[in-house]
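Worksheet: one structure, shown below.
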Amino acid sequence: MGQARAQLLASLAAIYLILAIPHVTGGLTDDLEIMWGNAKVVTDSSGQQAIALTLDRSTSSAFRSKKTCQFCRIDVEIKLVPGNSAGTVTTFYMITEGAWQYHDEIDIEFLGNSTGQPYTMHTNMYARGQGGREKQYKFDFDPTQDYHKYTIIWNKDWILFLVDDKLYRQIKNNQMYGAPYPYYYPMRVYATIWNADNWATQGGQVKTDWSQAPFTAYFRNYRAISCPQYENNPLCLPASGWFNQELDESRKQQMTQVDSNNKIYDYCKDPKRYKNGPPPRECGLN
């Protein structure tokens, strides 16, 4: 999944450089730049500035952050593709720049579905090219009817995934036990929409219905707070509620509730993946 997206990024980034697409400016896009495809800045129905990413038969679309960060909090509000979105994938993720085989990545992918069927939020992490840490979730709401806030928090101790400020997943830094963790290199934020009907919906059994195109997702209220390990941004200190401290009881309860009610796949508990041996050691640690 991640490798297919990386190949897409590599080929389309070349187009981006050739076309020399100008940076969009003002408001939301002070921090972001459009890369390719039918991506554009719009004013949504509430009067706020948003970036619309559109997919059709001829092209996907994407934007990225102008800056990288190493240890940071990223927030963005997203309104996903309504109706029959089967085969499409809308993404919000962070990735290092360099050789793919050694890359780090923290990602959220929204897997489309047939009309009336729920989206799947697919989360994963790569460190030094090692991935396969997938967990998937369903929502208690329709993510296509309004905007919802999605957050990635990455520091030296953990990675957190939040939806509307509710904690869905925590990945701990277990490097001392041999588990990979993205620690040494900064990442850039990307958002894309692309066709992945070979795997995205029911394992690829449901294909993209191009008669429903174009497919459009909207992004707004992007915020990036950089929290380098040796700087003292007040938003990164323990009093901020997130960085460099243990989760409080309310956050632990949130994650327990999500695991019970929303989680639909956990790589640690997939017997098909570990027929010839135990799951990764961090599964027992977590």
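Each Cβ is built from the backbone N, Cα and C atoms, and glycine gets one as well.
All annotation found in TrEMBL is predicted automatically rather than curated by experts.
Straight from TrEMBL, the features:
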- 1-20: signal peptide (SIGNAL)
- 14-219: domain 'GH16' (DOMAIN)
- GLU105: active site, nucleophile (ACT_SITE)
- GLU109: active site, proton donor (ACT_SITE)
- ASN113: N-linked glycosylation site (CARBOHYD)
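Here the features listed in TrEMBL are placed on the structure.
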| residue | record | Cβ neighbours (10 Å) |
| --- | --- | --- |
| GLU105 | active site, nucleophile | 21 |
| GLU109 | active site, proton donor | 23 |
| ASN113 | N-linked glycosylation site | 20 |
I need the CA-to-CA distance for GLU105 (active site, nucleophile) versus ASN113 (N-linked glycosylation site), whole Å please.
25
